[in-house]
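S.K.: I am attaching a structure below and will ask some questions about it afterwards.
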Amino acid sequence: MHSVFRIGDIRKLDKKSPLYEVDLKLTSDDDQQLRQLTNRIREEVDGSGWYRMGKLLLQIGQSGKAEELYLALLEQTTNDTATARIYNMLGEVKYEQGQYKEAGSFYKTALETYRKTLPKDDPTLAEIYRNIGAAHCSMGNYPKALEFYEKSLKIREKALPSNHPDLAASYNNIGGVYKNMGDYSKALEFYEKSHQILEKALPPNHPHLATSYNNIGIVYNAMGDYSKALEFYEKAHKIYEKALPPNHPHLATSCNNIGGVYFDMGDYSKALEFYEKALKIREKALPPNHPSLATSYNNIGGVYNNMGDYWKTLEFYEKSHQIYEKALPPNHPSLATSYRNIGQVYNNMGDYSKALEFYEKSHQIIEKALPPNHPDLAISCLNFAACYERMGDYATALKALRSAFQIQRQAFEEGNPAFASTYSWLGGIYRSMKDYPKALEYFENCLTIVQKTLPERHPNRAITYSNIGDVHRLIGNYERAISFHRKALDIQENVQYNPLECATTYTNLGETYREMKDYSTALTYFQKGLEIRQKKLPKTHPDLAVIFHNMAKSYLSTRQYSMAIQNIQQAIEIAQEKLPSNHPHLLEYKETFEEILKKM
């Protein structure tokens with residue numbers, strides 16, 4: 001009993017038989033890899049007996065089996081303390097399954113049961129308060145989450161020494177809520193409090209320190225400080241490399257975080273490199289239908305999406321979705337995200353009916369799984385708005401945006417960064433409707449929030465400046481347009497930044513000068529934008545076609561017809577390869593081509 005074997009060669013006995021012959025080698029007591037693995041399992045799976053088995057099942061993604069075990073234990077127990085403990089674990093099961101409301105219900109039952117036998121400041125209650133806070137946080141109910149996390153913290157501050165790791169965990173949880181609320185300075189304050197305790201309480205290569213570095217990195221990434229984010233992610237990664245086996249899932253998470261920074265910076269080859277490293281680790285470490293594998297496929301799909309390779313994107317998103325369908329309950333929020341991602345690809349490809357089909361599937365899950373004021377419902381409404389805008393149905397797009405706005409008003413305080421994206425979308429739709437005063441009003445509302453909530457050189461400031469500049473171009477106020485585009489470039493050219501956003505600003509400036517009939521300056525900026533996109537994107541990316549089309553129009557205006565034909569043909573070739581035959585951009589390129597032919 002309790003022997004551990006290494007699996008050697010595996011051979012099928014013969015073609016007709018379903019039996020295999022497996023070579024097993026008995027491990028010795030001093031096997032270092034086995035010792036490292038078992039020590040790690042002991043750390044991650046605490047408790048004893050069947051409770052420990054349930055925790056192990058949760059760790060390996062078998063939440064259904066864990067639920068069966070805990071329900072069986074619940075039937076057999078008559079002890080209040082044991083009953084409360086099982087309800088708490090059932091809450092953890094439901095939390096893993098994405099059923100946050102049910103999780104909260106089990107946690108509250110555990111709390112009520114514990115209160116029968118425990119004093120109000122018992123440390124066990126701190127854990128239950130923390131779990132209830134986590135359920136509220138996942139449902140987007142951030143004030144309630146803070147309330148319960150702070151109750152947990154008060155108990156721990158009284159019961160524990162000032163450098164106890166559980167205090168660090170409480171500070172970390174509160175920091176996470178502030179991060180989700182967009183209050184990054186407050187998030188950093190609590191994450192750093194947590195980190196200071198962990199530095200004193202733990203050895204320098206403890207994995208919890210790495211997790212702490214990761215959390216701080218996430219905040220810097222959200223603030224647009226990518227160099228600082230990378231610095232903390234790499235500190236975390238070094239600890240994981242020293243402390244954990246080479247195929248531990250935490251290493252995959254670390255690679256994933258680093259890949260995310262490169263993704264935000266527009267360095268897609270580097271992002272792909274780290275996402276693929278994460279995938280290789282997870283393929284070795286996890287069962288084939290583990291949700292973390294789906295996350296990896298989803299991230300790789302996201303890179304191909306931004307590179308304009310939509311068929312490759314769909315391939316990875318569908319791989320991810322198939323795992324989620326097998327591993328998760330039908331109303332899990334991650335399935336909603338998966339449907340939404342697939343919808344976005346079809347939206348990019350101009351297949352709007354297909355996009356709406358997937359957005360609708362996503363929305364239905366979110367409505368069932370999450371409370372009516374959850375931020376994900378607002379994101380769902382924003383996706384509908386984007387799709388309807390591209391279809392030219394501005395009234396329905398505006399209706400969807402107003403629904404998003406109402407949800408955000410219930411979920412956040414006025415001035416939260418989440419409102420900025422909605423104002424930006426509203427500005428974009430009114431710009432498409434040619435209602436430029438209204439567009440300007442919403443883009444300026446967006447800028448007010450961005451200026452109050454984000455650092456001075458945050459990428460979103462530059463995007464907002466560029467949007468305002470573009471509206472000024474459309475109303476013929478070219479000097480103001482150039483002024484705002486230059487404000488955007490002042491950020492984009494002088495900080496570590498996604499160069500593709502810079503390319504967009506160059507393109508907007510080019511359009512401004514083209515409308516001013518300063519064609520040589522226009523072509524200079526188009527060329528700058530083109531060079532960046534050619535370096536960063538595949539040669540058939542649809543964004544390259546946009547610039548070739550702009551250049552063709554400039555050459556047409558200066559009667560350089562051979563250059564105009566050359567550029568418009570490049571635009572059409574890309575669009576024909578990457579976009580559906582009825583995509584508005586392809587139709588527009590063909591119209592410009594006909595116009596050039598008439599002029600020649």
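Cβ atoms are placed via backbone N, Cα and C, with glycine included.
From a predicted model like this one, the values you see are computed outputs, not experimental measurements.
Relevant sequence annotations retrieved from TrEMBL are reproduced here:
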type   : residues : note
REPEAT : 84-117   : repeat 'TPR'
REPEAT : 126-159  : repeat 'TPR'
REPEAT : 168-201  : repeat 'TPR'
REPEAT : 210-243  : repeat 'TPR'
REPEAT : 252-285  : repeat 'TPR'
REPEAT : 294-327  : repeat 'TPR'
REPEAT : 336-369  : repeat 'TPR'
REPEAT : 420-453  : repeat 'TPR'
REPEAT : 462-495  : repeat 'TPR'
REPEAT : 503-536  : repeat 'TPR'
REPEAT : 545-578  : repeat 'TPR'
S.K.: Near the repeat 'TPR' (545-578), which same-chain residues lie under 8 Å Cβ to Cβ, leaving out any that are not at least 6 residues past its ends?
M.R.: 308, 310, 349, 507, 510-511, 514, 517, 519, 522-523, 526-527, 529-530, 533, 585-586, 588-590, 592-593, 595-597, 599-600
S.K.: At a C-beta cut-off of under 8 Å, are there same-chain residues at least 6 beyond the repeat 'TPR' (503-536) that contact it? List them, or none.
M.R.: 266-268, 462, 466, 469-470, 473, 476, 478, 481-482, 485, 488-489, 492, 543-544, 546-548, 550-551, 553-555, 557-558
S.K.: Thinking of Cβ pairs under 8 Å, which stretch from 84-117, 168-201, 210-243, 252-285, 294-327 has the most of them with the repeat 'TPR' (336-369)?
M.R.: 294-327
S.K.: Please list the DSSP helix, strand and coil residue counts for the repeat 'TPR' (545-578).
M.R.: 31 helix, 0 strand, 3 coil
S.K.: Please figure out which one of 84-117, 210-243, 252-285 racks up the most CB pairs under 8 Å against the repeat 'TPR' (294-327).
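M.R.: Top-ranked stretch among 84-117, 210-243, 252-285: 252-285.
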S.K.: Within the same chain, where does the repeat 'TPR' (210-243) have neighbours whose Cβ lies under 8 angstroms from its own Cβ atoms, ignoring anything closer than 6 residues to its ends? I mean 6 or more beyond.
M.R.: 168, 172, 175-176, 179, 184, 187-188, 191-192, 194-195, 198, 204, 250-251, 253-255, 257-258, 260-261, 264-265, 454-455, 457-460, 495-497
